[in-house]
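Participant: The structure's right below; bear with me while I get my questions together.
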Amino acid sequence: MFKINLGDFMLIRPRRLRKNQKIRDLVRETILTKNDLIMPIFVDENLKGNEKKEISSMPNQYRFSVEGAIEEAKEIADLGIPAVILFGIPKHKDEIASSAYDKNGVVQRTIRGIKEELGDELLVIADCCLCEYTSHGHCGIVKDGKILNDATLPILAKIALSYADAGVDIVAPSDMMDGRVRAIREILEENGYDDVAIMSYSAKYASSFYGPFREAAESAPKFGDRKSYQMDIGNAREALKEIALDIEEGADLILVKPALPYLDIIRMAKDRFDVPIGGYCVSGEYAMVEAAARNGWLDREKVIYEILLSIKRAGADFIITYWAKEVAEIGLSQE
């Protein structure tokens, strides 16, 4: 009789579940789909008609006119991507970011145009900040070289209200002022916009990965830096405190920015909080991959897929990425 000696072979061989693509697909733990993605759109008030302008540090990414942004949103919706996030570049900048809450501002007109064309077929998120609209490029009111927290809150609230008046689905404060979520939630409730959600950039780090975005949005600070309000890159527990405060103040969704260097923060937040959590795959991450790919140093499509999958695997429920259209159009795979 044949006898099995358990010492002669391995009972557990993880490679059995890797031997071909079908079995790998069957047991894959994390799957990336277009429903996970949000596409950014830069809307430039200085552009007319269907004019668009390529962003030099972000190949294949553009600033659009209002009309062009509406057409771009229609293309995005047709691809099955569920949401866009809008960033505005105004004609006029001043010390108090007055163009940011103008009812006929560049973002407000774009929101109305998208909603008139698409209704609920596409979620419209609007970034809520001052930096693109201030003459000094900071995310708050400045006095004597200091960024004032409490003086900034009413302006952020006015911006959010103007977006809600235009028909936005979600407002996304990215300024990192203390108390901004409460200020926004209160003004929305007072004006009957209880169904407008807040996606707070709760853990937004003072990162070096934002450089290309600041060119795209013309939002670089004219003096100093943003380290007095954006988070220190070495801190993790502080991120959890920021997230907890924003949820307590009324945030419906929270965002970690950047995503790839802060996957640990996404994972910690996912384990701790019961709200949808997103990661922003930022301009520097995009530019880094595109530059390396142009030099033939890596397999572009596989790297994009791996980056986005890693963000989801870390715990992100949604991902803001400049590759959203491409992923939806052609699909990407690790194989």
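Backbone N, Cα and C define each Cβ position, glycine as well.
Okay, so Swiss-Prot annotates it like this:
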type     : residues               : note
BINDING  : Cys129, Cys131, Cys139 : Zn(2+) binding site
ACT_SITE : Lys204                 : active site, schiff-base intermediate with substrate
BINDING  : Arg214, Arg226         : 5-aminolevulinate 1 binding site
BINDING  : Glu242                 : Mg(2+) binding site
ACT_SITE : Lys257                 : active site, schiff-base intermediate with substrate
BINDING  : Ser283, Tyr322         : 5-aminolevulinate 2 binding site
Participant: Express the distance between the Cα positions of Ser283 (5-aminolevulinate 2 binding site) and Lys257 (active site, schiff-base intermediate with substrate) as a whole number of Å.
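Facilitator: Answer for this pair: 11 Å between alpha carbons.
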Participant: Taking only the Cα atoms, work out how far Tyr322 (5-aminolevulinate 2 binding site) lies from the residue listed as 'Mg(2+) binding site', in Å, as a whole number.
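Facilitator: The separation of the Cα atoms works out to 26 Å.
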Participant: Filter the recorded positions Cys129, Cys131, Lys204, Arg226, Glu242 down to those whose C-alpha lies within 10 angstroms of the C-alpha of Lys257 (active site, schiff-base intermediate with substrate); answer none if the list is empty.
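Facilitator: Of everything listed, what lies within 10 Å of Lys257 (active site, schiff-base intermediate with substrate) (Cα to Cα) is Lys204.
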Participant: What whole-number Å value do you get for the CA-CA distance of Cys131 (Zn(2+) binding site) and Lys204 (active site, schiff-base intermediate with substrate)?
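Facilitator: Lys204 (active site, schiff-base intermediate with substrate) has its Cα 14 Å from the Cα of Cys131 (Zn(2+) binding site).
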Participant: If H, G and I count as helix, E and B as strand, and all else as coil, what does DSSP give for Ser283 (5-aminolevulinate 2 binding site)?
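Facilitator: SS state of Ser283 (5-aminolevulinate 2 binding site) = helix.
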Participant: Including all protein chains displayed, how many Cβ atoms other than that of Cys139 (Zn(2+) binding site) lie within 10 Å of its Cβ?
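Facilitator: For Cys139 (Zn(2+) binding site), the count of other Cβ atoms within 10 Å is 26.
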Participant: Per DSSP, to which secondary structure element type does Glu242 (Mg(2+) binding site) belong, with helix, strand and coil as the options?
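Facilitator: In the DSSP reduction, Glu242 (Mg(2+) binding site) maps to helix.
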Participant: Return one of helix, strand or coil for Lys204 (active site, schiff-base intermediate with substrate), based on DSSP.
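Facilitator: Where Lys204 (active site, schiff-base intermediate with substrate) sits, the three-state DSSP reduction gives strand.
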Participant: For Cys139 (Zn(2+) binding site), find which of the recorded positions Lys204, Arg226, Glu242 come within 10 Å, Cα to Cα.
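Facilitator: Of Lys204, Arg226, Glu242, within range: Arg226.
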